[in-house]
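Peer 1: Have a look at the structure that comes next, please.
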Amino acid sequence: MPTQPQEKRSFLQFLKSFVGIVRVLQILLGAGLWVTIAANKYEGSIHFVLFVAVLFWLLTLAIFILTLLDKQDLVPIVGGERWLLSNLIHDVVATLLYLSTIGIMIYKTQKNSYCNLDVYKHHCLYKVYLTASVFACLTAAVYLLSGIYCSCRKCRGERTVV
């Protein structure tokens, strides 16, 4: 029985930490992006945006759960002492791919800006793409913030994420 309060404290300690808050934001903003796109008609390069959003949403969810449960030692090759470096690489790659999704979403938003008029009566994806652009920008910013934080911890010689 004495281990349960420590586990709860560990959960709360992680959830209240900078990394815990950032991971929750990454999960929520990433979900907002792919739900916004998936709930509407999409074509062409938007498939790549959806792929990046869903891929990193799933990876971030897995990293969040493993870190929350303190089970990163069970992950072969990238776990244990390499967990901080693995998180750093994940965040940097996510930031870079999200930057490309921002470009795609801004291009699509500008391409559909003609239908933002009151007299235009057909289905318009301008507001959907604009919302997705905002989600992509916010998500990239949060991944960048997390990457900077992990790199600072790595440079100081620390080996844990929290």
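Glycine residues also receive a Cβ, built from the backbone N, Cα and C atoms like all the rest.
Annotated domain 'MARVEL' per Swiss-Prot: 14-155, in sequence order. As annotated by Swiss-Prot, topological domain 'Cytoplasmic' applies to 1-17, 69-86, 149-162, with the evidence given as sequence analysis. Under the heading topological domain 'Extracellular', Swiss-Prot lists 39-47, 108-127, citing sequence analysis as support. The feature transmembrane segment is assigned by Swiss-Prot to 18-38, 48-68, 87-107, 128-148, with sequence analysis given as support.
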Peer 1: Top stretch among 18-38, 48-68, 128-148 for CB pairs under 8 A with the transmembrane segment (87-107)?
Peer 2: 128-148
Peer 1: Could you tell me how many residues in the topological domain 'Extracellular' (39-47) are helical, how many are strand and how many are coil under DSSP?
Peer 2: 2 helix, 0 strand, 7 coil
Peer 1: What counts of helix, strand and coil residues does DSSP assign across the topological domain 'Extracellular' (108-127)?
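Peer 2: Going by DSSP assignments, the topological domain 'Extracellular' (108-127) contains 10 helix, 0 strand, 10 coil.
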